[in-house]
There are 2 protein chains.
Amino acid sequence: MSHSPVDSHSSHPRTVTAPRGTTLHARGWPQEAALRMLQNNLDPEVAEHPQDLVVYGGSGRAARDWSSFDALVRTLTTLAGDETMLVQSGRPVGVLRTDEWAPRVLIANSHLVPDWATWEEFRRLEALGLTMYGQMTAGSWIYIGTQGILQGTYETFAAVAARLAERGVTPPESSGSLAGTLTVTAGLGGMGGAQPLAVTMNGGVVICVECDESRIRRRLDHRYLDVRADSVDHALRLAEEAVRARRPLSVGVLGNAAEVVPALLARSVPVDVVTDQTSAHDPLMYLPLGVAFDDWAAERARDPEGLVERARESMARHVEAMVGFLDAGAEVFDYGNSIRDEARKGGLTRAFAFPGFVPAYIRPLFCEGKGPFRWVALSGDPADIARTDKAVLELFPDNEPLVRWIRLAGERVHFQGLPARICWLGYGERDRAGLRFNELVASGEVTAPIVIGRDHLDAGSVASPYRETEAMADGSDAIADWPLLNAMVNVASGAAWVSLHHGGGVGIGRSIHAGQVTVADGTPLAARKLARVLGNDPATGVIRHVDAGYERAEETARRLGVRTPMREGPVEGSVQP
Amino acid sequence: MSHSPVDSHSSHPRTVTAPRGTTLHARGWPQEAALRMLQNNLDPEVAEHPQDLVVYGGSGRAARDWSSFDALVRTLTTLAGDETMLVQSGRPVGVLRTDEWAPRVLIANSHLVPDWATWEEFRRLEALGLTMYGQMTAGSWIYIGTQGILQGTYETFAAVAARLAERGVTPPESSGSLAGTLTVTAGLGGMGGAQPLAVTMNGGVVICVECDESRIRRRLDHRYLDVRADSVDHALRLAEEAVRARRPLSVGVLGNAAEVVPALLARSVPVDVVTDQTSAHDPLMYLPLGVAFDDWAAERARDPEGLVERARESMARHVEAMVGFLDAGAEVFDYGNSIRDEARKGGLTRAFAFPGFVPAYIRPLFCEGKGPFRWVALSGDPADIARTDKAVLELFPDNEPLVRWIRLAGERVHFQGLPARICWLGYGERDRAGLRFNELVASGEVTAPIVIGRDHLDAGSVASPYRETEAMADGSDAIADWPLLNAMVNVASGAAWVSLHHGGGVGIGRSIHAGQVTVADGTPLAARKLARVLGNDPATGVIRHVDAGYERAEETARRLGVRTPMREGPVEGSVQP
Ligand SMILES: NC(=O)c1ccc[n+]([C@@H]2O[C@H](COP(=O)([O-])OP(=O)(O)OC[C@H]3O[C@@H](n4cnc5c(N)ncnc54)[C@H](O)[C@@H]3O)[C@@H](O)[C@H]2O)c1
Ligand SMILES: NC(=O)c1ccc[n+]([C@@H]2O[C@H](COP(=O)([O-])OP(=O)(O)OC[C@H]3O[C@@H](n4cnc5c(N)ncnc54)[C@H](O)[C@@H]3O)[C@@H](O)[C@H]2O)c1
């Protein structure tokens, strides 16, 4: 009953980076793309803990273990253009002959039969070597570092700024920016590290609480964070000064959010916006009050159940303070880490007093099929991304927030691993961009193929009642048919690889979601696939929101011709049985 | 927020049957096949409650409601050969342009995000019109009536007979049959109705307890059941006489299994085999002790929670008696209806004292990719099935149990709806049969295309810890990646429709499973798709069991060349990063 007949002792942790340039290590560009993106996910510039194969988000892995990684690489290098590799929770389990039109890789990560879908059972099975946690883009090989979340975070804070202006909190001269406002948040990890830059790109001031010194240092190094304060007092002095001057500034401070956030409330600090991105979705990874950061790992190993309980109690304190800021008039939202539900488990009654960020700010975008479109230059050449940036500006010159983002991103975003870009595009836009990139590859204006994918957090690809599908208009929050349809649609439409995950973002038991990646290698076949995938993938988002009754989605479907049979009358000449 | 903008009053319950013959009502045979199979699932000969769109298994539906049914028909009649219709829990939600290679229909039924995956939440969402229960082949349009389960039941009882012989319970002259033995079971519904015929085809005697008189009558009408007894005493007299004469006989008796089975134990009736197929997976559909059958529906409506509790208590009594028979030396098994878990919830400690039928009898077949291959003659002509029966006998003349089954089935099986056949075939066999059928269609020996599908209960298509994946050798019972990979593989391989369901067979929260249907329309494209789907679909079963460490699966993979990367050494010339 061995799970590693290939001697696992021959598979050591090591430093992995993706090859650059135009030399193929596989039998075709789609396979090469999967190979490089797997490797890129583990690049020390990209991954949070590459030696453990952990890419981001607590324990989100790219491969189950190093012998699985070796087998993935070995298989991708030899996979034919009509073969498909099957990946079960980070381990390659089979190779089948399918078709040129079919994906080269099919991935299912972290799924459990629902009655068994708890962290306890998951960790038990993980310890047996039977599964791994894939998060969203860790196990589906399309993580691009903190830029991935930066764009989403940027869009979210822009929407928050607009809301503050509507509410008259900010004066008209702020013109929809966060100038002169103070935001408080916590967590500077793989996702949360985007928060300081997203706030300052919107002109605001932010204090970020983080208990791990190395994370603060990393965000300073990457220029996502401006300064580090020595103490909460120091942070407040720096922040208040910047707010008065209406000057953007991000301040990191070492501490436990469950202590610092209540302390700020107790002092009646005038905070305008409060959120959080500690890894609350996995309570083992939220530092409880009274535990020193340096003792944490040992304590976790010694008494995991006890630590989970203490973490939930601490989150109750933390969220209680967030609710206090809400009562004081601040814009407060859950940033997709399940902290409200954990705080509820920790005993807090009013944990759900503030909304999740999706119903508050993101759903209107989903109704138009808008979501996090991203791409990567397999050449490794930043000039290729500059060329695609230019193409996007040429394609959508009238989309002001998009144009502003692309310009700022070009200046401020530090590439991690292979150069990459992200921007939010809707139904009818993504396919145009993909086809344009394919032309650039075909013409040689871009030097090697471009990989095009997205986060699993997208319009039609996720069921997650505490985040993406919270408070749906028709009550369909927990209906999980949609991400499965999305995955099957992407397989049917010719994506290069398709992934179906459980538990990403909000934790085991709480979400089902899908991803796709397509490769623009300049061929006519790629063009056909790009047109299908990049049309149909966001179309499932429009469809999902039409079905839930959102008028904005119905309007989009009507305007752009997305077919929804329940809205169609009897067709002439059709047969009624 | 209306879910039925097409006036649902125009969509009445009505009698549905599939068209026969070679005239197309759709734009191609794959679409026509989906249309006819949807209609055939609701044929009064096939469906248990067609007016409610219920096909079998408690509340397993073919479509969410009649307006969804109308929209499905309308869409299928106009769907192009490169379009795909999306079905979300029995309702058509979108039509997308994909590719000729892609499926025409993609179906996801009954899925809930795991933390919400309970019957209570499911029924709440169903009442809101947001989902439906798809069972396995009800919502995926490939139910063929009780023959479907008959073959599986026949194989199971044959394996039970072999076990009794091994144990010396039956004498050598029984030569692996059930001659001279008595089986007790309950439930003569859509699935359970196959039990009496399966036992008598194996030469045995069986008493079947059923609380619904109309079900007993139906099985008598179809000749699946030989006689009906007036009382338990009468049933025992008939059965004991037949056992003494070593003559096959099936006896139906009206009663509540929770009363009758304990009564038989109390009388020390010499029973050799005990099982059960009441619809225990949905405790609302198990008649509790003390409730008259005629009052049941009203009681259910009045106090569903109370009824569930009482049903669980009754199941505890029922299973306690089954355990008593086990202690007395009988061969006792759970026949896939979750009755052990419900009895446990009803307070019985020893509920899991006897095994499920899969680890006991079916798993060795799964290791070879063997599973329930089935096909349907779209012509409606029984002669087409006779022709395919002959083809199967010609293809596999040395497979004795298969040959015996096909012969007996041809004599004894009463077709329901479109003529259909089922037999269990393994990896390397299904594709040969499919390609042969395609030739028969091409040559005109068979008069119209043949639909080829299977139950979701198959080697690689299901995760169900109380049934198909109970007691896996490596402990991977609850890992649900496999059915998702299976569904994606079938989409990639060109199936005509692919379905992914939750909760079939064993109930909400307890299973995830996939199905595929492919159409042999005699074209070269169909031949390519049949070769891929009917090879890759069972291959995922072999792969799943290789991964779990089953030697028989490893041997199959080696012998038939199924590639499993973790078993492959480094490939020469491959690149190690
Ligand atoms: N909103 C979104 O779109 C989105 C997207 C992805 C992930 N998320 C969620 O956001 C959360 C953060 O993700 P991540 O990838 O950054 O996780 P991460 O594990 O990389 O980072 C979490 C950080 O929180 C810090 N932390 C833990 N407990 C703390 C405490 N008590 N006080 C202060 N700091 C503490 C950790 O040291 C770590 O640096 C996760 O729950 C994730 O699921 C949200
Ligand atoms: N073993 C398998 O391969 C397999 C396959 C499919 C389904 N099943 C399971 O088998 C069970 C039966 O399926 P079905 O489709 O026949 O269901 P069904 O609802 O059509 O039939 C169940 C029958 O049980 C009877 N019944 C209910 N309570 C009873 C009681 N207390 N005493 C006597 N009879 C009672 C009902 O009247 C009904 O006729 C289900 O739980 C199903 O999930 C097993």
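Note that Cβ sites are derived from N, Cα and C of the backbone, with glycine treated the same way.
Since this is a predicted model, take the numbers as computed values, not measurements.
What TrEMBL lists as region 'Disordered' is A:1-23. Marked as domain 'Urocanase N-terminal' by TrEMBL: A:16-142. The NAD(+) binding site annotation in TrEMBL covers A:57-58, A:Gln135, A:190-192, A:Glu210, A:Arg215, A:256-257, A:277-281, A:286-287, A:Tyr335, A:Gly505. What TrEMBL lists as domain 'Urocanase Rossmann-like' is A:145-361. The annotation domain 'Urocanase C-terminal' is assigned in TrEMBL to A:364-558. For A:Cys423, the entry in TrEMBL reads active site.
Contact annotation for recorded positions (A:Gly190, A:Cys423, A:Gly505) versus ligand 1: A:Gly190, A:Gly505, each with CB under 6 Å from a ligand atom. A:Ala257 (NAD(+) binding site) falls within a helical segment according to DSSP. DSSP gives A:Glu210 (NAD(+) binding site) a strand state. Under DSSP, the residues of the domain 'Urocanase N-terminal' (A:16-142) split into helix, strand and coil as follows: 41 helix, 25 strand, 61 coil. Cβ neighbour density within 10 Å is lowest for A:Cys423 among the recorded positions A:Ala257, A:Cys423.
Same-chain residues at least 6 positions away in sequence with a Cβ under 8 Å from that of A:Gly57 (NAD(+) binding site) are, in sequence order, A:Gln135, A:Met136, A:Ala138, A:Gly189, A:Gly190, A:Met191, A:Ser279, A:His281, A:Gly504, A:Gly505. Counting every protein chain shown, the number of other Cβ atoms lying within 10 Å of the Cβ of A:Tyr286 (NAD(+) binding site) is 28. Taking Cβ-Cβ distances under 8 Å and a sequence gap of 6 or more within the same chain, the neighbours of A:Glu210 (NAD(+) binding site) are A:Ala186, A:Gly187, A:Leu188, A:Gly192, A:Ile216, A:Gly252, A:Val253, A:Leu254, A:Gly255. Distance from the CA of A:Tyr286 (NAD(+) binding site) to the CA of A:Cys423 (active site) is 30 Å. Around A:Gly505 (NAD(+) binding site), a 10 Å sphere centred on its CB holds 25 further CB atoms from the protein chains shown. When averaged over the domain 'Urocanase Rossmann-like' (A:145-361), pLDDT in the model lands at 95. Per-site Cβ counts within 10 Å over the binding-site residues A:Gly190, A:Ser279 peak at A:Gly190.
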